[in-house]
Amino acid sequence: MLRIVWKPLKIRLPVWRRYQSNISINSIRNVGIIAHIDAGKTTLTEKMLYYGGFTSHFGNVDTGDTVMDYLPAERQRGITINSAAISFTWRNQRINLIDTPGHADFTFEVERSVAVLDGAVAIIDGSAGVEAQTKVVWKQATKRGIPKVIFVNKMDRVGSSLGSTIRSIYTNLDCPYPLVLQLPVYSDGLQERKFLGILDILQQKMILWDTSDNKLGTDGTHVQELPIPESHMERFIEARNALVMSLCDVDETLCDEYLENEDSLAFTNDRLFKIIKQKTISGNVVPVLCGSSLKNIAVQPIMDAIIDYLPSPVEFYEKNASKETSSDKIISLDKRPLLAKIFKVIHHASRGILTYVRVNEGTLSRGMMMFNPRTKKSERAIRLYNVFADQTQEVDCISAGNIGVISGIKQFHTGDIIINKENSKNFHEYLSGNQSVISIPEPVCIASIEPYSLKDEPALLEALANMNREDPSFRYTQDLENGQLLIQGMGIMHLQVSYERLVSEFGARASLGKVQVGYRETLIDVSFNSVTLSTENKENLIINVYLIPISDEGDETLKKYFSEGEIQKVRSKGQEDGVLFYGWKPENSCTLPDHLSFQRIQENIYFGIVAGLSHGPLHGFPLTNLQSFCTISSFLSNDFPLSLLTQASMKATKNAVFSLYKRSPKSFRILEPYMDVTITTPEEYVGIVSKDLVGKRGATIKEITEIGKNAASKDSQIAIGILGERYLPADEPSSVKANNASSLLQSSSVIKCIRAQVPLEQILDYNSVISSLTKGNAKFLMSHPMESQTPKLVNYGSSFHPMSMQRQKRIFP
């Protein structure tokens, strides 16, 4: 007999204000959904909204009525482009949920969203295992110490395997202890085996969902809880033993208790639950659950896992707090001075600029004067909102631990920190410590954009500025000589979507040119130049700019002016605008005006250096992947103009570049963007695909593996050793008749996976090529590289590698 265990709450949009009323910070979960494209992120999110009582029906990606994917481009393409935030309740707890894109072109959306999360749900397609973009988003979350739970989705699909997915987690992700908390349960039919539910390893029960044709029962709220049947007892005991043994590996106390009786069933559920939560938050383990969001099976348990295992803002703060931080500070986050972080800026048709903010400490109240430590400017918070995807509700305040929106402010950008105006004198305290920077990746594609007429140009420029403010990974430049406008982005789709939004949302009248690859230049020798500029008072500003190759870690000139600690601090942050800038040092008893702070001087020098690197000597491409610093030798009065610093550093940088080129043209190299490529194809096509990649496109093949087998890479070989001691659930046949299968992975032939790194210029339109080579029997995916050739120095996610001389002669004859 079926009975309702979970029932949707009857909360609807008119009562939004309930979400603001007296919810303890300990009852909040700030969680992101991260995954590869098409893993089921938005579908899972829409089901959560239904079970949380936010919606009265399931939003569907295919029919274009989802709450979270609300942009026209998202509904047209059926993919997530913008990260969307929404709040709903589950078990009397508030979940602030962010659904992020899975397409490689929109990886910056994930980066800035992850920066404000306390936890993440990583979705993995059970029929495909860990995919290319899964690795990228996993590393983004791991880099920031975000606790995670894994949801193995699509367990209803043919070819889905929890065991193979766990294997791929071991071999592809930095996840030594995935805790299998659930096993899939299928029907016993010979011809067709349906996915019915799960074995709950922790709660020691079987949970089945109604999969009949009864529409009243298939919304996922009708379930049956049963004792573990004898037919599944062996699987259950094996999984239970593995769960306890994994926890013993990370908890000595539990290990000692286990050695007394060696009985995994002797531990209470509460005892294991507390350890799982503690070790999940610390990052030692990752709970693994399974289900099918499309079929409404086992969605509620993942919502329970968000509440049970992922941290509240207080718990996440405590995890990252230094040992010197007192417990009083941790407990009273909402009583501390304001500290908030901006992670997104958009332009609303009627409300203007909307700034998304996560309040880490204190309370952001309407009318409060906010101070920006970066710009040293203040603005008043006129209106505040709770956010529900594309809809908002005005509120009086945004409390600690919550996510909200500020409207109308102009002095704050993505990544900025907000503090009280009253605390502005101590802003350096807020910029130090654990405030991580949101990295803006270098664009890899470029296209011209032309206004239809001269009168359309001002509106186009304004739209481009707004788009850049909203999405810093989208950039634009205008040639000072011929006025040509160029837009830059993370890929073809990124530029196409950005252009569509410029036209449809911002009202720009313009045409888009052909998308091309954006190249860069770099230097391989040290260069130096000194510039002397005179003020109106005939005072001389003497500035010396040094440019050092990115590969030169041990440059003696750098070590002469900076300590090892200063050097490592800059390198740990990575490049910004393609430069590792170490700052400036005074020389020869340098005296500067009292009103100029060290930071303001450094900012203006940096702006000048970046401007000086905007055009390289080979083909006019921007210079990147280099290190720089400068020294100042001056005796200046208090009326010294700050702009002179920018002018001098820009001139010295240009002189350093072109004087080196004049002496040694071979000291410069062209860089081109590379992409990580994953091609899944039947074994018979591996030879022809590999030949095309290497012979025609200059690719480097990293590995060729069989789907479901262990990878051959170094990291995977390490994981293979681990697998000998780790639990892998036995495979269960999945639901659909094999002869009805049409996808690639359902083929009866051996499926191989080719992983390679390829110049982007060679694969701009590779989908049609790979389809022709394999007669439509291949799956082609691209992602931005996560590892660079100089990992100690190059910015996270750098895609640019030196171009071979052979390719350089062909492309630039």
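Backbone N, Cα and C atoms are what each Cβ position is placed from, and that goes for glycine too.
According to Swiss-Prot, the protein carries these features:
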{"type": "BINDING", "residues": "35-42, 99-103, 153-156", "note": "GTP binding site"}
{"type": "DOMAIN", "residues": "26-314", "note": "domain 'tr-type G'"}
{"type": "TRANSIT", "residues": "1-20", "note": "transit peptide"}
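Neighbour count (other Cβ atoms within 10 Å of the Cβ, all protein chains): 26 for T100 (GTP binding site).
In this view, the densest Cβ surroundings among the binding-site residues K41, H103 belong to K41, judged by other Cβ atoms lying within 10 Å.
All protein chains shown were included, and the count of other CB atoms within 10 Å of the CB of A35 (GTP binding site) stands at 30. Most Cβ neighbours within 10 Å among the binding-site residues D38, M155: this distinction goes to M155.
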